[in-house]
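Here is the structure we will look at.
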Amino acid sequence: MSDVTETTANSQSGIAEFEEGLGDPVLRRRARIWQGIFWVAMLGFLAAAPFFLYPVFVMQLLCFALFAAAFNLLIGFTGLLSFGHAAFFGGAAYIAGHVLKVWGFPPILGILTGTLFAAALGWLVGSLAIRRQGIYFAMITLALAQIVYFFALQMPFTGGEDGLQGIPRGHLLGIFNLNDPLAMYYFVAAVFLVGFLVIYRIIHSPFGQVLQAIRENEPRALSLGYNVDRFKLLAFVLSAALAGLAGSTKALVFQFASLTDAHWQMSGEVILMTLLGGMGTIFGPVVGAFIVVALQHALSGIGSWVQVVIGGTFIACVLLFRRGVVGELARLLRINSL
Amino acid sequence: MDPMIRLILAQGMLGLNNGVFYAMLSLGLAVIFGLLNVVNFAHGALYMLGAFLALIMYSYMGAWIGMSDLSIGFWPSLILAPILVGCFGMLIERFMLRRLYKLDPIYSLLLTFGVTLVLQGLFINFFNASGTPYPGMPESLRGVVNLGFMMFPKYRLFVIVFSILVCFIVWYVIERTRIGSRLRAGTENPELVKAFGINVPLMVMLTFGFGTGLAGLAGVLAAPIYSVSPLMGANLIIVIFAVVVIGGMGSIAGAVVTGFTLGLVEGITKVFYAPAANTVIFLLMVIVLLVRPNGLFGRQG
C-alpha cells in the first residue's frame, strides 16, 4: 500500500483533522471553549451519575470508556489498528482477579499488577506486530491475542469456561469499604479520570506530536530522524497498559473475569466504540463507549440480535459516518480538536 | 510398522484434512487481496454461509416452501452453494466495498468485520449456535479406505484430492492463462488496463465473487465433516490470518502450500503435545515474524 493513498485516506476520514495550533486565534479560542464545555459536562456527569443512574451500569460505562480511550491512543493518534486489544483488557482482568483473590492483594495494588501485566504483554505483542505495517499489523495482533485467549481457556488458574469468580473488592487503603456501591463508584470514577488525564497528557506532549507525525506520514517522520519503531512500540505499550487498567478495574467492579473479556469480539467492540465516537478525537471514545454499552443494555432483551445490530452499526459507521459522533460535531462547530 | 510412525502418519492425514480448508480459504483471501487490496474478514463467515446453504438445501428448504419431499443433495449443492455465496459476495463488493477503495484498507477490513457479525448473528438466531450435523453425505463416499497405516474415511480422502485439484486449477488460471494475465495486470496498474478497454470495475467485482465463491465451496466440503455451526467460520478466519502472515499474501502458490503444510504441522503437533495444537500455528507465526518478517513467500511488507 503506498503512503500516498494512506494519507489521502486519513484526511478524508477525519483522522487527520487534528491540527491544533494551526489556524487563526479565533478558531483556537473557540476550540478551547468547546473543549472546556466537554470537560465540565464530563466531570459533572462523573460526579452526579450514581444519583440518577444505576451505579454498576455507570461503572461498566466508565471501564469501557477508558478502554476505548486507550485504544484510540493507538488508532486515532498513531494510526495503528490493533485487532487484539481484548488480550490486554481480558488478560489484565484475569491477573488482577488472581492476585486480589488468591494472593490477597489490596485493591489498588491488584489493579496496578493487572496494568503492569498488560504493559509487559503489550511490549511482547507490540514488538512483534510493528515488524509489519498496515493491514498485516491488524492480522498479527488478532492472531497473537488468540494465543492469550487460548491461555485463558486452558490455564488452571483462570477457571476455563466458568471464568474467575468471586474476586473480593476489599477495602481501599484499608479504610473505605468497596462493597459499598457509592464508595466503589467514586473509586472507579477516579481511576477513569486518572487514565483519561494520562491519555490527554500523552496526546498533548511532544511525544504525542511525534506519534501524530508518524500517523500522517511515516516515511517523513523517519527521514526527520525519529526512531519510528520505538515511538510506535512505546505508544503500543502505553495503550495496552491503559487497556489493562480498564480491564483490571472491571474485574474488581464485577468481581469476575471471563473469557468474553479476552475474546476477539471484545477487540471488535472497542474498535466500534472508538469509530462510532470518533477516531482521533479526545472525547469521541468516551461518547462511543456510552452509546455502545447503552445500546447493549437497551437491546439485552432481544438476545443474539444484539450482534446483528452491532454489526449493522459497524457497516453504517464505515460507509457513512467515518468521523464518528464527536468528529462530526467538531466539523459542524468548525473546530479541529475536540 | 512402528506404532509411533503410524500415529504420526494418521494424525498427519487428519491434519492435512484441516490444511485443505486453510489452503482454500487463504487462496481466496490472496486472490481478493491481490486485486482489491482488501483483507476480507468476512471470508470465514462466507465459508459458514456455504456450509449452511448446503444444509438448508438438503434439510430445510423443502419444508419452508411447502414441498417436504424436495431436497437438494450434496453434488448439486457443491455447485449451487458456491455460486450463491459468490453472488452474495458480489453484492457486498458492488454496494459497499467499492465505496472504500480510495480509503485506507483498514476500513474495508472493518466493514467486512461488520458483515461477519451480522451474518453470524443472523444464523445464531435462526439455527442452533452449537451446530447441526449435515446428513447429506453422498452414498458413494461413505465408508473407509485402507491406506496401509490407517483406515481413512473415503469422504475425507475425496475432499483432499478435490481441493488439491481446485487449488491447482485456480493457480493455473491466474498464473498461466489470458484471463489471469489481465487480472494480474489490473493489480499492477488498473488505469493502464482500463485504457486497453477492459472493464476493470466489473473484473474486480467478478474476482471478489470468485474469491468468496471459493470460501463457499470450502464450506460445502466442510459440512459433512464438521457440524454446521454459526461460529465455524469465525474461529477459522483467525487461523487463516496467521497462515496468511506466515505465507505472505503476495503469491497464490505460496498461500496454498502454506495452508497445506500448516494443517500437517498442526496434526503432527497433536501427537507430541495435544494442548499446543490450538496455538502451534500462531507460535509459528511469531517465529516467522522474528526470522522473516515479510513471510515465507512474501515480496515486501
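Cβ atoms are placed via backbone N, Cα and C, with glycine included.
Per TrEMBL, the features are:
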type	residues	note
TRANSMEM	B:20-39	transmembrane segment
TRANSMEM	B:46-66	transmembrane segment
TRANSMEM	B:72-93	transmembrane segment
TRANSMEM	B:105-127	transmembrane segment
TRANSMEM	B:155-174	transmembrane segment
TRANSMEM	B:202-226	transmembrane segment
TRANSMEM	B:232-265	transmembrane segment
TRANSMEM	B:272-291	transmembrane segment
Determine which recorded stretch among B:20-39, B:46-66, B:72-93, B:232-265, B:272-291 has the most C-beta pairs below 8 angstroms with the transmembrane segment (B:155-174).
B:20-39
Counting only residues 6+ away from its ends, which parts of the chain sit with a Cβ under 8 Å from the transmembrane segment (B:202-226)?
17, 20-21, 24-25, 27-29, 31-32, 35-36, 38, 40, 42-44, 46-55, 74, 77-78, 81-90, 92-94, 97-98, 131, 134, 136-137, 155-156, 159, 162-163, 166, 170, 182-183, 186, 232-233
For the transmembrane segment (B:46-66), the distant same-chain contacts (Cβ-Cβ under 8 Å, at least six residues beyond its ends) come to 21, 25, 40, 72-74, 76-78, 80-82, 84-85, 88-89, 119-120, 123, 127, 132, 134-136, 212, 215-220, 222-223, 228-234, 236
Please identify the stretch among B:20-39, B:72-93, B:105-127 with the greatest number of Cβ pairs below 8 Å relative to the transmembrane segment (B:232-265).
B:20-39
